[in-house]
Each structure stands twice: as structure tokens, then as C-alpha cells.
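Residues or ranges marked as Mg(2+) binding site by TrEMBL: 66, 101, 225, 227. What TrEMBL records for 693-702 is compositional bias 'Polar residues'. Taken from TrEMBL, the feature compositional bias 'Basic and acidic residues' applies to 707-718. Marked as domain 'Endonuclease/exonuclease/phosphatase' by TrEMBL: 84-236. Residues annotated as site 'Transition state stabilizer' in TrEMBL: 227. Sequence annotations record features per position, and here TrEMBL assigns site 'Important for catalytic activity' to 500.
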């Protein structure tokens, strides 16, 4: 049996939560007859153990996760798995772990060995990149942990070859011989123009770096949080964009109601088409006006006038409401109902007027998606609002359903809406229409609202020949997301997005990729996806009145473990607001070079391993930190600045040597002969000055007592301050200058 066929035999049906193939008894009997199992507590458990060990031996398992603070994630891991990162990776059979949003400073890895060991830096060959930009410190950061030795050749944090972008600490590349892994955390494209340009520049430099590696004969694996959902089904159904003009055209080609060939798209088009023109007119002011809808303050006396003035368009009200007992100002979008002619509230409240004006806004397909002709240096969000380029006719599906329901009183069933844009089967008439525009059947009618979706679908997949490993093995899966908003408990209703990916070059994928399981966790379909998010109800929403996330039992945390496969790994909610994505490859992906050795002298690799940086011998010979010493009663020293003598010794402003350096004394420090020999010798002048200083001290004390009796404490303090320059100079410490030990001993004997 070949290696590939042997691993593929593991693609048996899996149970919903006992994370390994069924029919274990039969498989165990075959293995037991070969003598591979000697003894086990359970025949099924023994079979699982052998299958997993065999799979680990014949494959490479890569997992990527946005940890949103790796330190906090490791702390949760340690609560149930005392072995820490090492035990956790072994139970998941992870060979390469890519972590984003590590949020660990390089200085902490260098100086705090216990922290580095806790984070898994020493149990693996680990490579780290933390931001050096002051604005990004404490954020970002990526790390790649390789569990097996001899699998990594080199690493670099200078991935993007741009000083500003590399200083963000968002990317690291590791070379594994036959292939390289780019572990990246792509910036999130906020509404600001600066954030848009930062993300665009990051993606351009990243693609250029990957192309350079291909030119050197390396296969490329791109893993991490890309902050892009490039397909409509990669987003919650309410966020998917729908082209209203195509829906109107689709209604004319739909099947007759009596036909059994109708699909969800036809049903949706028949319900929506009669109101498309009215909806476009309702949102038309947003095309030409800088401020699409006026701001109206709610006043009861003006309700009738408001309804007459705003009929047929949207408007915004500024209202005061209590949020957690605090009176705050909120902005709401309103429309006038076509049936009752009363104002109806749309969407959610907004913190500021600009956010409210961005809701229920028409978009153009090219501007939202970021096609090549729209991605120019002069483009910004203002162009989107003014409708430059093609006429905006697209609206989010959730906003469209709400407009139909509240303004026109047309109800779109939620079950029907969930199927739209999710890759559901279509009837022949719909397929005919969609094929006129694109090879992707639903890509023209429903599409992702991500403005950079074409960077993945067009540039990486179509032009560079990369493969989305998840969609390649699970093309019909729906509602399988990787990120949710924890502040809104979105995971427990599965309202999220798939923005974490593992993209692989086509040649490597076709040669080595393995699915590893017949089904994803909990099966297939939207309901199975919801069960997987909550571990079949084990994870419950966080109470809004406080209390924090549910801790969960050991068995609840064990639900994360699944057989190695290409797909998704549902980590507990306390780990992060993301889950893991995984890739399974045959072990022939490593190439025929055999064991690799990290190029420790490579400056870029050394920079990526700050935890291995050792202090040089000179660091032990440097002067210790200066510590301010207390002044004694008899000290008479000048407050001069620090000086350094010819021997390199530094003296503080009192003329004292720093702590840790032997001071001049007639008695050796401890049993140190060196301290005794190297103490400064005192000449006759020095001895005379010392005796004079002693007499000065006695006279000072006597005068202090007399002054205390006659003039009180004020005159005593004045008497203490009156010392002659000669007395002060006498107590200065004379630095020792030495050429040789023999000269020193000769000089010492002569002076004595």
C-alpha cells in the first residue's frame, strides 16, 4: 500500500464528537492481527491511538490561529493541560503552528526565560516577530512554532521588504526546504483612507515577496488572518451584498410558479422585483449629496410636517437614550412607511452622525470589491459615497430584507434569506442568466462586501495559481466561519465571517494535500455549523449583566480535539474570538533533503529567535548599575559630577566606587587576597590628611554639642556645614592607577 493511499484510508465517517473514525473494532482487529497493538484499555481507544500515530508519522499538520494575545490563550490552556503548549500541540498532532496577534515584546522574550518557556519557545523551533513601531507596540505580533527538529532551514521577519510595514510586526516567513510558510496578520481595513492605503500596500508587498520565493523554486503556503472574506458565503447572510438590478432582471426569467424547478433565487426575485425601483428611488439621494440624509431633531409637534417633508426618502434623528443608566446621544435612520405613512426606525443606533449616514447606503460592485481599475492611489471612501465609477445599485442583504419588511411590508422568510448567496443549487433559468456575467454562478448576483475580495479570488487564486485549501475539500459547506464578535455573543448564533485562510500553491496542493476526514465537526450544513460553534450547547452566551465567559469543564475543552484534517478546529471561546484553520499534507511535502539545520548565523534567522540570544562575556564585565549610597556623619565629600579615571572605573558624585567594586580600606574585604593587594596605598600626605579629617570630625561633634546647648538645632546644622576645603579634599578617595603588580608592591613598600 502506498503512503498516499494509506493515509487516505483514514477518511472514514466520523462521529459528531468522538473525534476519530467509526468502525474502530474492525480496524482494530486488522491491526491487532499484525501485532501492532499489544495491550490497551479499550479496543476502540487502541485503534484510535494507532490510527492517529500512523497519520502523524505519514503527514504534516499545519494549524493557524489568531490568538488575540497568546499569553492569555496559554494561560487558559494550562488550566486543563498541565503540559502547556507542548502537550496541547501533541494532542492536536500539530507540526507547524502559526499564531497571530501574539502581543509579546521582543525584550520580554530576551530577558524573561520563564515567559518564553511558557509560550512554547523552547519546546519547539520557534520564530517570532514583534512590532518595533512605537504606535504598534503591545499589539500585532506573529509567531511560528515548529514542533519537530530538523524541519526548518531559516526564517526572516523582513518579509515585506519595506521598513514601515515590517516594523508593524505582522508577518514572518519560515523556510522548510521544499516550501516556505508565510504567517501573516493583515491589517483590518477601517473606514479611514489611511487604513485602506496601509492594507493595500501590505497586500501588494506580500504578494511580491511570495512571487520572489516562487522564482527561487519554493512552493508557497500562506496562512493567517487575512481580514478578507472573498466569497458571499464567507459572511453572515445579512452582510452579503446583492445587486438590485440583477434581481430585477432575474425576475423576468424565473420559472413559472407551477414549475417544480424553482430555486430559492427565483422565489426571492419574485418577492423583491416589484419594489426594486421604489427602493432605488428611496436611496437615490445618497448618490449625489455629500450629506445624503438631513439631520432632524425629534419634536412631537413637528411629526405631521416631518412625514410630509420626508415621504419617499430616508432621514436621521438625534435622540437621547439611557445606556446602562447613562444618558447618551444616539443617531437613528428613519423611513416613512409606504402603507401607514408613519416613520419607522431602521437598523441599529449609531454613535455619531457619520456612521448613521453610512447605513442603508448603495454601493457599486467594483468599488466595494476593489477591482483592479478601482484600486488606484487616488481612491478613497469619499469616491464610494459620491458614486464614482459605475452606478451603485448594490445593497446588503440584511438592509434589503429590513426595508422590504418595514417600509413595504413584504416579509422575506429568514430560512429563504439564509440560502441566498450561500452556493445553494439554482434552476436552469438562473444559471443561464448568471453565466452571462461570470463563471462563478452566484458571484455576480451576491458577493462579499469586503473591498479586497479580488486580491484573493483574482490575484492569488486565478493569476498566481493558489488554492483555498478549505473550499477545495469542502466546496458545499455553508456557514463555516472562523471569527465572531464576542462583545455581541455572535458565536452562539453563528453570525460571523471566514477571514482566516491557508492558501497553497497548486503544485504542492495537488501533490501532497489530504482531506483527512469524511466530514467536518458535527457533520454538514448550517445546523451542524451552529452545533460546532457551541460544542453542541456546551458553550453558552455571556450574560449581558456581567460575569464573564463560561469557564467550562475538562470535557468541554476536550471537544476541540479532532483527528488531523484539512478544515477547521473549533477552539473554546476563551482562547480567542477566532478558531483555528488547518492543513494536512503528506510527509513527502518536506522534500528529499533530509533533516535540515537552522542557519543560526544567518542574521535574519537570529533576529527571528530573540529567546536564543545569549549575553556576551562583555556584559558580565561591564560596570554594574549605580546605586546611591547613604552618607555617614563623618563623610566630607564634594558634590561633584561623575568622573572616570584612566583605568575605566567610574566614581559617583561622592567620589565613591560603585557597588560591587572593592573600596579602599586597611582591612581586606572577606578573604579576598586580590581585594587586599589592589587596594589603593596611602602615602604620608594621605595619612596626615586622614588624621586631620578625624580631628575635624571630633571638633565638629564638640562644636555641635555646644551649639545645641546655646543656640538650638538651627545653629547645630550651620556648624555641621562649615568645613574647610582642606578637610573635604583630605577625605577624597584617590583612584588607584596600576601598571603591574610588581610596581604596585614596590611602591607600597616604599611608602610604608
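Any Cβ shown, glycine's included, is placed from N, Cα and C.
TrEMBL does not curate its annotations; it predicts them automatically.
Since the structure is predicted, the reported quantities are computational estimates derived from the model, not experimental observations.
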Around the Cβ of residue 500 (site 'Important for catalytic activity'), the count of other Cβ atoms that are within 10 Å:
24
Neighbour-count leader, CB within 10 A, binding-site residues: 101, 225
225
Same-chain neighbours of the Mg(2+) site, Cβ within 8 Å of the mean position of the Cβ atoms of 66, 101, 225, 227 and not counting those residues, run in sequence order as 68, 100, 185, 186, 224, 483, 499, 500, 578
